[in-house]
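Annotated disulfide bond per TrEMBL: CYS26-CYS90, CYS39-CYS100, CYS70-CYS80, CYS131-CYS195, CYS144-CYS205, CYS175-CYS185, in sequence order. Feature annotation from TrEMBL assigns domain 'SRCR' to 1-101, 106-206.
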Amino acid sequence: VRLVGGDSPCSGRVEIRDENQWKTVCDSDFGPKAADVVCGELQCGVALSIPGAAPFGKGVGSIWDRELQCLGNETLLAFCPTGSHRHPRCTHANDAVVTCTIYTGFRLVNGSTACDGRVEVQVLGTWGTLCDSHWDLSDAHVLCHHLGCGFAESVPGGGHFGRGTGPTWRESFHCNGTETHLGQCPVTALGASPCSHDRDAAVICSGECW
């Protein structure tokens, strides 16, 4: 499976390799559980949305003639049960698309408990850090909640929990605090070299589930 036409490897038109050719999938044959399986298979986290009306352009060639009946826990789209094609008259105007979170993991490192530490985000299989100047309590609330750690008490800066290794991600999250996953928050990109590991973002959560 692949995603084509999006602005990253984790968004685009869904295409399945079948009979030695790439085929699009009708949106009526592709639901949220199938979208989650696609995102997981591509190491792109979970599905944020499956917008319709071919926003990533119309595909060419054949359209896959089966309905995907995924349970959502499959590791590969090929493991999903299939059913009969729901709309034989489906055209490329109805090509299924998906946008994934890209973020495949979140963790707190070097803290005294599992609920405090340096914020690390996994993007496409690689762990990296965030800049403290673009990390606030609203963002931290969402992360604490997602990790089952209650709410954010503080966001100490200046590499409070030590210097990370690996890349410093360019993402600046703009959560309002009500989201359940950082991948649901609006994001803007910082400059090419956003900050050093001396400025790694951190959080201290309450440690109590909401």
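Heads up, the Cβ atoms here are built off N, Cα and C, so glycines get one too.
Note: the CA-CA distance between CYS175 (disulfide bond) and CYS195 (disulfide bond) rounds to 20 Å. Distances between the Cα of CYS100 (disulfide bond) and those of the disulfide-bonded residues CYS26, CYS90, CYS131, CYS195 are shortest for CYS26.
For CYS185 (disulfide bond), the spatially nearest entry among the disulfide-bonded residues CYS70, CYS131, CYS205 is CYS131, judged by CA separation.
For the pair formed by CYS70 (disulfide bond) and CYS39 (disulfide bond), distance between Cα atoms is given as 13 Å, rounded to the nearest Å.
When the domain 'SRCR' (106-206) is classified with DSSP, helix, strand and coil residues number 19 helix, 32 strand, 50 coil.
The disulfide-bonded residues recorded for this entry are CYS26, CYS39, CYS80, CYS131, CYS195, and the Cα of CYS131 lies nearest to that of CYS205 (disulfide bond).
Residue pair CYS131 (disulfide bond) / CYS39 (disulfide bond) shows a Cα separation of 26 Å.
Sorting each residue of the domain 'SRCR' (1-101) by its DSSP state yields 19 helix, 32 strand, 50 coil.
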